[in-house]
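K.L.:
One structure is given below, represented as structure tokens, and several questions about it will come after.
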Amino acid sequence: MAAQAPTGELGQLSVEDAGSKPTPDAAGNGNLNHDSDDSEDDAEGAGAPAAGDAAKKKKKRKPRKKKKNPTQQSDPPRVLITQLFPDKKYPTGEEVEYVNENRYRTTSEEKRHLDNLNSDFLTDYRHAAEAHRQTRQWAQKNVKPGQTLTEIANGIEDSVRALVGHQGLEEGDALIAGMGFPTGLSINHCAAHYTPNTGNKMVLQQDDVMKIDIGVHVNGKIVDSAFTMAFNPRYDPLLEAVKAATNAGIKEAGIDARVGEIGGIIQEVMESYEVEINGTTYPVKPIRNLNGHNILPYSIHGTKSVPIVKSNDTTKMEEGDVFAIETFGSTGNGYVHEEGEVSHYAKRTDAPKVDLRLSSAKSLLSVINKTFGTLPWCRRYLDRVGQDKYLLGLNNLVANGIVESYPPLVDKKGSYTAQFEHTILIRPTVKEVISRGDDY
């Protein structure tokens, strides 16, 4: 999910069997009927058969076959990740060794010990990352022109919730695992923060360029990764430029790396590309007021940013940080502004305590706290948990600074934008691109 650069910082930039039921046996399987009255009558009979003849032989019960865990994912994805990996040994992301003065970390016993202390942290992140990979790879095969954005968003989100086993309909369930933020489906000149609200009828077209930004979390550990889909090969150079720029940023990231210098590398790579559309050649420009960002538990935008153009920001990446390295390229101005109907919201982590006078705002805030906490959400999610007539209360929460709204971010009309993004863990021993897959 994109982080927008503060306006004041732009001047520094150079151009961003479950229940245990008793097993039926000889005493309770219905096959033996020991009736006391009958036994007395039988004892009086002179020619009564031997007692052993009266007993019925026990029937041998075939042992129930244990259900085997499925070994492959369904289509659409509905098999729990924990069933596919019952030992909880989820796939590791791409591990990259540190270089230069940090090279020692790879073999350092002390750093390995620190890594081992983070086993739960890594398990949750790898769980979320595998759910992300399986969901997005399904989307890449199944999203087609002619589908509505609502169909696409629901397909992705239904898959994520099924894979992590939390539908998010009961109080607190979405806080255990599920969507890390609303699925972004931003088309053409819209670069970020667009997802359909209820009733949206927009249809994906053959010539559209769509950014698909998906967030998955397990216990608040958010994997933020995005890719771009285009169905006309003329846009391939645009997508290649942004993918290459993102990978360049990932390569430069690591302990002690300065974010301003990473931005310069990203800018250099992206600006080396151009794309021809309808006979006109366009340079690919980094969108300079969109940034990567660090990720904190239950908070998609932390306190650090990673620009995608060169800047004087000397902030260093540190051991233990989690970053979303994302880049955006455009054939337009390379600068976005807010425009359009808002769909994305989140409760601020520093939300002030306000004496709310509007009853609808109070009740909605209670729902937000119990359902989403500080995780981002959209209006469809409120509809999904049974909320209605909430817009007045929602606007009041925004006005009081309790909830942040995230309008769509757009470049000039007629331009095309692309996005690629990965989440990286700055571990004590290695850098792990946790969301890396065979697709990108």
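Note that Cβ sites are derived from N, Cα and C of the backbone, with glycine treated the same way.
As listed in TrEMBL for this protein:
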type	residues	note
REGION	1-87	region 'Disordered'
COMPBIAS	56-69	compositional bias 'Basic residues'
DOMAIN	125-426	domain 'Peptidase M24'
BINDING	His193, His301	substrate binding site
BINDING	Asp213, Asp224, Glu421	divalent metal cation 1 binding site
BINDING	Asp224, His293, Glu326, Glu421	divalent metal cation 2 binding site
K.L.:
Among the binding-site residues Asp224, His301, Glu421, report those whose Cα falls within 10 Å of that of Glu326 (divalent metal cation 2 binding site); none is a fine answer.
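P.N.:
Those near Glu326 (divalent metal cation 2 binding site) - Cα within 10 Å - are Asp224, Glu421, in sequence order.
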K.L.:
Any idea what the Cα distance is from Glu421 (divalent metal cation 1 binding site) over to His193 (substrate binding site), rounded to a whole Å?
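P.N.:
Each residue's Cα considered, Glu421 (divalent metal cation 1 binding site) and His193 (substrate binding site) end up 14 Å apart.
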K.L.:
Checking your reading of the structure: which of the binding-site residues His193, Asp213, His301 lie inside a 10 Å Cα sphere centred on His293 (divalent metal cation 2 binding site)?
P.N.:
His301
K.L.:
I want the residues beyond Asp213, Asp224, Glu421 whose C-beta is within 8 angstroms of the mean position of the divalent metal cation 1 site's C-beta atoms, in chain order.
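P.N.:
Going along the sequence, the neighbours appear as Met1, Ala2, Gly184, Ile214, Gly215, Ser225, Ala226, Ala324, Glu326, Gln419, Thr423.
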K.L.:
Give the distance between the Cα atoms of His301 (substrate binding site) and Asp213 (divalent metal cation 1 binding site), rounded to the nearest whole Å.
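P.N.:
Spelling it out, the Cα of His301 (substrate binding site) and the Cα of Asp213 (divalent metal cation 1 binding site) are 14 Å apart.
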K.L.:
I'd like to know which of the binding-site residues Asp213, Asp224 has the most other Cβ atoms within 10 Å of its Cβ.
P.N.:
Asp224
K.L.:
Using the alpha carbons only, what distance in Å do you get between Asp213 (divalent metal cation 1 binding site) and His193 (substrate binding site) once rounded?
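P.N.:
Cα to Cα, Asp213 (divalent metal cation 1 binding site) and His193 (substrate binding site) are separated by 9 Å.
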K.L.:
For Asp224 (divalent metal cation 1 binding site) and His193 (substrate binding site), determine the Cα separation and express it in whole Å.
P.N.:
13
K.L.:
Return the single residue from the binding-site residues list (His193, His293, His301) that has the minimum number of other CB atoms within 10 Å.
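P.N.:
So among His193, His293, His301, the binding-site residues given, the one with the fewest Cβ atoms within 10 Å is His301.
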K.L.:
Among all chains shown, work out which of the binding-site residues Glu326, Glu421 has the most CB atoms within 10 A of its CB.
P.N.:
Glu326
